[in-house]
Amino acid sequence: MDIDIEEQDPLAVDPVDRDGRQMGDTAGDDDGNRKVGCCERFHRSISKWMLPEELHEQYRERANCCPPPIFIILISIGELAVFIYYAVWKPQKQWVTLGEGIWNSPLTYKSDRREEAWRFVSYMFVHAGVEHILGNLVMQLLLGIPLELVHKGFEVGMVYMAGVLAGSLASSIFDPLSALVGASGGVYALIGGYFMNAVVNFREMIPLLGVFRIGVIVIIVGTDVGFALYRRFLTHDVGLKVSFVAHIGGGVAGMTIGYVFFSAYNQKLLKDPRFWLCIVGYVVFLLFAVLFNFFLSPA
């Protein structure tokens, strides 16, 4: 029996999804025979590690690599370029340890040169040896690239730079006679924000995955802080001692400002009271640190 096309109900046609497949056709869905591409698998992994479960689908619908994670990549290239400059073109054994070129660098933070305000930020480009820069680069790339894919460069850049500045200012207050090199303040800000997100969203994560995330962070932070304490108090290298307080300052910045930025996926930050609370607290800390360095610092 012939069916007149004009008599068919137009609403009876199955809708199609974003890929042009009929939504009523289960043979091509994710649980069927459709082959999942590398890019889609990558974004699924990113959503699993960075977001609670109820936001996975929302992220995957919007996921793309445009713009790419340009901030964390450019910062890493800059830090590596400065390290190579001091390792190759300066007369020192910078590949394995500290050297005179580092101490005399206009980028290094030193208490007796703190009137050169750029040093409170530029110290992040200078590192105290090959193990120092490798540790920072690996951590900030492994953590920063996924964070920037989810939250984009502005948020990640704000958190990273807030950690860098908080690290140097905290060091100038609590360890005022020590020098400061390395990007640990920014790295620890990313770690702090991610750690708080993992703790707060623990119930929304797969339990084993949540335990693994938190455990890895604790092990990495414990090892790195232990090494920093050893280098600060137990080594007998000639020259200035490198402060470890930037780790703590950057971590606190990450657990406050970083947590607000990284937990507010696709939300209006300006309407979030936590955002303003953290911003006000950070500004108060900055003002106190500046006044301390002007009037109270023993350096």
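Positions of Cβ are set from backbone N, Cα and C atoms, glycine also.
Now, the feature entries from TrEMBL:
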{"type": "REGION", "residues": "1-32", "note": "region 'Disordered'"}
{"type": "TRANSMEM", "residues": "70-88", "note": "transmembrane segment"}
{"type": "DOMAIN", "residues": "115-263", "note": "domain 'Peptidase S54 rhomboid'"}
{"type": "TRANSMEM", "residues": "120-145", "note": "transmembrane segment"}
{"type": "TRANSMEM", "residues": "157-174", "note": "transmembrane segment"}
{"type": "TRANSMEM", "residues": "180-199", "note": "transmembrane segment"}
{"type": "ACT_SITE", "residues": "Ser184", "note": "active site, nucleophile"}
{"type": "TRANSMEM", "residues": "211-230", "note": "transmembrane segment"}
{"type": "TRANSMEM", "residues": "242-262", "note": "transmembrane segment"}
{"type": "ACT_SITE", "residues": "His247", "note": "active site"}
{"type": "TRANSMEM", "residues": "274-296", "note": "transmembrane segment"}
Same chain, 6+ residues apart, C-beta under 8 Å of the C-beta of His247 (active site), given in sequence order | Gly167, Ser184, Gly185, Tyr188, Asp224, Val225, Ala228
Cβ density check for Ser184 (active site, nucleophile), other Cβ within 10 Å (all protein chains) comes to 34
Secondary structure tally of the domain 'Peptidase S54 rhomboid' (115-263) (DSSP, helix then strand then coil) = 118 helix, 3 strand, 28 coil
Could you give the mean pLDDT over the domain 'Peptidase S54 rhomboid' (115-263), rounded to a whole number?
-> 85
